[in-house]
Amino acid sequence: MLAVAILAAGKGTRMKSCLPKVLQPLAGSTLVERVLTSCSGLQPQRRLLIVGHQAQEVQQQLTDWQGLEFVVQQPQNGTGHAVQQVLPVLEGFDGELLVLNGDVPLLRPSTIEHLVNEHRSSGADVTLLTARLADPTGYGRVFSDQQGRVSSIVEHRDCSDEQRHNNLTNAGIYCFNWKKLAAVLPQLCSDNDQGELYLTDTVALLPIAMHVEVADPDEVNGINDRCQLANCEALLQERLRNYWMKEGVTFTDPASCTLSEDCQFGRDVVIEPQTHLRGCCNIGDGCQLGPGSLIENAELGHGVSVLHSVVCDAKVGNEVAIGPFSHLRPGAGIADQCRIGNFVEIKKSQIGEGSKVNHLSYIGDAQLGRHVNVGAGTITANYDGVRKHLTVVGDNSKTGANSVLVAPIVLGSDVTVGAGSTLTKDVPNGALALGRSKQLIKNGWQ
């Protein structure tokens, strides 16, 4: 049996933020949710989140995580004190306890699984994750024999000059035999510079301590301030881009683009500079995104181009051209082979197959049929000051430039709207609609 305890009680004062540190965003998710996701594949029997500072906010953020148990640490008196709070919660539990940190979000699931498997196969009381750092200054050094058995952990300030040449460091991630740990946790003391109880001290109290070295030291990067947050964001973004490039996606300027882990791409997608994908995005084969575009929680079919545009909570069919400077807002649905052009905004509207909204238009709360041509400057006046109303335009209809369709209104199929018209009444199939004043010329005006 396996229980997981995630340490998430710290104040994170160096963040200088109103937001709890573990709720800081990283590539579209929070730090602590990334840690929770990384260990989900182990299917632990118990998942404990140790909270303290702004505990209520952390709990509210994680209400959708079924089976997650919250353990409150008050006051926050070190990592050992945090795990002591688990003692009554896991009374009678017989298995392993995996201890993770809520501010170490880059751990791969495979690394965690390897740590747990090695711990189980070795029969150790504790197995700690270690990392070899190019610059280990400030980190505790781990000393072990060739079989990986840990003899001691020495804090940097206590190391001799010779010991400081050892670059094997403690990553602060452990897998314990829970019963053995529970027996020694009460023995921890706060006889140190910080006056806190350190979980590290349990290693010296347990007879058999082993270690597993992480292959990529970047996985155990902790986050304490905005600089480290930015560094982890860059590392995670590079990891995501490299994965998708190996899957057939082209980034013409990778470092200028960002993704979320919930993005999915078909083959031969080209992502141009300064293009950002957030949330859950599903991008079909052969799409060209950017430059300078934002796509969020959107579904794009095959062969879609998005140039200098924003697509948010929208669904787009195949072979659609969007932009430049278009804005597809929530509820926009664009069918196959449409053209959404310069400075066009579409909100909560369905645009039928082959239709074109090419220039300077606002289409809101509307249903456009197939092969509709919307003239430059056409506006659906959907709001009466109290409620939004629907505009319906039938197949093969077209509006002239600078037309206003005052909703609620229905235009039938094959309707033509004269340029400059303001329409307030329904138009039958095949009709010409004109709603403008007669041109008046007064000669000799000046």
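The backbone N, Cα and C atoms fix where each Cβ goes, and this holds for glycine too.
Per Swiss-Prot, the features are as follows:
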- His359: active site, proton acceptor (ACT_SITE)
- 7-10, Lys21, Gln73, 78-79, Gly140, Glu155, Asn170, Asn224, Arg329, Lys347, Tyr362, Asn373: UDP-N-acetyl-alpha-D-glucosamine binding site (BINDING)
- Asp103, Asn224: Mg(2+) binding site (BINDING)
- Ala376, Asn382, Tyr383, Ala419, Arg436: acetyl-CoA binding site (BINDING)
- 1-226: region 'Pyrophosphorylase' (REGION)
- 227-247: region 'Linker' (REGION)
- 248-446: region 'N-acetyltransferase' (REGION)
Helix-strand-coil residue split for the region 'Linker' (227-247), DSSP-based: 20 helix, 0 strand, 1 coil
Spatially closest candidate among Asp103, Asn224, Ala376, Tyr383, the listed binding-site residues, to Tyr362 (UDP-N-acetyl-alpha-D-glucosamine binding site) (Cα to Cα): Ala376
Local confidence of the prediction over the region 'Pyrophosphorylase' (1-226), expressed as mean pLDDT: 94
Among the acetyl-CoA-binding set Ala376, Asn382, Tyr383, Ala419, Arg436, as the record gives it, the longest Cα-Cα distance in Å: 22
Rounded to the nearest Å - Cα separation of Ala376 (acetyl-CoA binding site) and Ala9 (UDP-N-acetyl-alpha-D-glucosamine binding site): 56
Residue, out of the recorded positions Lys21, Arg329, His359, Arg436, whose Cβ gathers the largest set of other Cβ atoms within 10 Å: Lys21
Under 8 Å by Cβ from Asn224 (Mg(2+) binding site), same chain, sequence gap 6 or more: Gly12, Arg14, Met15, Lys21, Asp103
Number of other Cβ atoms within 10 Å of the Cβ of Ala419 (acetyl-CoA binding site) across all protein chains: 15
Top Cα neighbour of Ala419 (acetyl-CoA binding site) in the set of binding-site residues Ala9, Gly78, Gly140, Asn170: Ala9
Reduced DSSP assignment, Lys21 (UDP-N-acetyl-alpha-D-glucosamine binding site): helix
Distant-in-sequence Cβ neighbours of Ala9 (UDP-N-acetyl-alpha-D-glucosamine binding site), under 8 Å, six or more positions away: Ile50, Val51, Gly52, His53, Ala55, Val72, Gln73, Gln76, Ala82
Densest Cβ neighbourhood among Tyr362, Tyr383 (binding-site residues), 10 Å radius: Tyr362
